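Written below as structure tokens is the structure these notes are about.
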């Protein structure tokens, strides 16, 4: 009996140790995943940008656009301009402000910041990259919409994916996470495809926009895990209430 009593505290200590290291392991796993995604997005964007500058992708880009245009019909001619308008940077910024406003109304300041920082930062990056690469837009057929400015990367794809990823990150700890992934994923794909159907972007413009958004969102998520990010999050959590119960 005395021996069993002596072992009991030791068992509790081992259990606590395992639980503690399990938490640290999960944190480390997410950190590694986010870091890997950021590095992959940055490397792939650099590769795509180099090939675009050297015009190595131009033949493939035109082949894809021509293939998409071969399936054009009246229904898509009407619907695609509507979809592309929904993904316009100005509209996405309005959607981000409305979404953040709803979170603020519910005292969810941390989630509101996730939306605003991700969308605004992605838009700024897109503007910077456009001014650096200055790629001309495709001109393969009579277009249904008139676009000005440079083509690489696609601002529509960048901000639409940034908003989608930001919403998923903001709702990841709620029961709405998979709804967010499904709805926002479809939204991003439709907006991106509309740009190709309308012939105002090359496929590599769209891919680059996705990579910019992915890299930026994962970078902010990594910063959130830093000591400064955790301190900022704790400060916000002092003012927020649970929005959705699991």
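Cβ atoms are placed via backbone N, Cα and C, with glycine included.
Among the residue ranges 27-46, 47-66, the one that TrEMBL annotates as transmembrane segment is 27-46. Here TrEMBL gives transmembrane segment for one range in the set 6-25, 86-105: that range is 86-105. Mapped onto DSSP classes, the domain 'Phosphatidic acid phosphatase type 2/haloperoxidase' (112-221) shows 78 helix, 0 strand, 32 coil. Counting Cβ pairs under 8 Å that are 6 or more residues apart, the transmembrane segment (112-133) and the transmembrane segment (206-225) reach 3 or more and are in contact. Averaged over the domain 'Phosphatidic acid phosphatase type 2/haloperoxidase' (112-221), the predicted model reaches a pLDDT of 91. Long-range contacts of the transmembrane segment (206-225) within the same chain, counting only residues at least 6 positions beyond its ends with a Cβ under 8 Å from a Cβ of the stretch, are 27, 30-31, 34-35, 37-38, 41-42, 44-45, 48-49, 52, 114, 117-118, 121-122, 125-126, 129, 152-162, 165-166, 169, 188, 192, 195-196, 233.
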